[in-house]
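Chemist: Structure provided below as structure tokens; questions to follow.
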């Protein structure tokens, strides 16, 4: 058979409905919206081709490799219920297409090029199945949930945090003071805002020093281990590591990184440094909505969450669930479990397209943050359970009596909810009552 040039249909090569997926394949679920007149099989096959071995035409060099061994395959297509001309295309990628231990390379391959494809109106990556063989090439979170609890000596309850506000404009000294008040009042952690890096009004080194002072003072006075997420995010990887090194020299327990704006390569480097040096790593997802907000285009956050667990982080922001729609709650809990658990069953009602086995990669604590306050505490305790970080920014600093009483109010509310739950009370039904009872004993909570 001679070599035959020319453009050909992708589906002839890349649509293989009878393919049996291998345990080592990376599986992807894409939400495909084809252009009018493009059949779904062709659209699904085009995605498989462009994100693996294909190009728009047959090339002579195809004969020098084994396409069967290296090509992505669209092995199943199903229409999306209730949506016109929208399909879920399942694609299987051979493991050899990806560099070991590189989230960066995985994304470059799977989502690098296909999203601008002419034959598609829109494309969204809904889920990825990471095979154990690939997961094992990643270090993952620097420490994970269990090690973090042992380091902090805090068990049987969610952890409490607070983002220091106003996020921009405070001097380092005043910033450290706010940190001290919150930790002294009863929080476990305070947090640099994601856009606090090293600006003219507060350089990073000054902030690190005053926050460390606040941590040590609060620890001495409360007898509890405290932390402040020192944001090490910087303009270069070298500068980021320099800040992490300084944090380690100060002896603080945790640093922070913006993993999407900072990039996966920088994040993985920082995660490796953190494991080697006993630092916990808090991850903020600034920029995620740019990627995950559109329902029919982009990447679903559950994929970004899986990628973070592979790249490495001990905490990650994951939405609050409270006050959102019922469906959102199930979807959010789906990726919260993907972050924490070792083995997660496929469950389409929670948006989980594939069974995921993490083979003992450490878990990540989900962080609920943004617009929550003490009256949400029962719901948050019930929804997220013990393995979570609950962050009240304005909900702490907005207390009429100040920061420390705001922290006291949150801690009292949390302890009351945990105690009530352990006594078998129904937090969903009696939540407000539980908070009201607790506020009889805590003027700070009553004032909140």
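Including glycine, each Cβ sits where the backbone N, Cα and C put it.
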Chemist: Figure out which of 52, 66, 369 sits with 113, 163, 167, 285, 317 in the substrate site per Swiss-Prot.
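Modeler: Of 52, 66, 369, 369 joins 113, 163, 167, 285, 317 in the substrate site that Swiss-Prot records.
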Chemist: Between C-alpha atoms, which of these binding-site residues comes nearest to residue 193 (Mg(2+) binding site): 163, 317, 369?
Modeler: 163
Chemist: Would you mind checking how many other C-beta atoms are within 10 angstroms of the C-beta on residue 163 (substrate binding site)?
Modeler: 24
Chemist: Compile a sequence-ordered list of residues in the same chain as residue 284 (active site, proton acceptor), six or more apart from it, whose Cβ lies below 8 A from its Cβ; state 'none' when nothing qualifies.
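Modeler: Long-range Cβ contacts: 194, 231, 256, 257, 258, 259, 316, 317.
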Chemist: Give the sequence-ordered set of same-chain residues, not counting 191, 193, 194, with Cβ within 8 Å of the centre of the Cβ atoms defining the Mg(2+) site.
Modeler: 163, 164, 167, 192, 195, 196, 229, 231, 256, 284
Chemist: Looking at the recorded positions 113, 163, 165, whose Cα is closest in space to that of residue 191 (Mg(2+) binding site)?
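Modeler: With Cα distances computed to residue 191 (Mg(2+) binding site), the winner among 113, 163, 165 is 163.
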Chemist: Sorry to bug you, but what's the C-alpha spacing from residue 165 (active site, proton acceptor) to residue 285 (substrate binding site), rounded to the closest Å?
Modeler: 18
Chemist: When DSSP states are folded down to helix, strand and coil, where does residue 317 (substrate binding site) land?
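Modeler: The residue in question, residue 317 (substrate binding site), is strand (DSSP, three-state).
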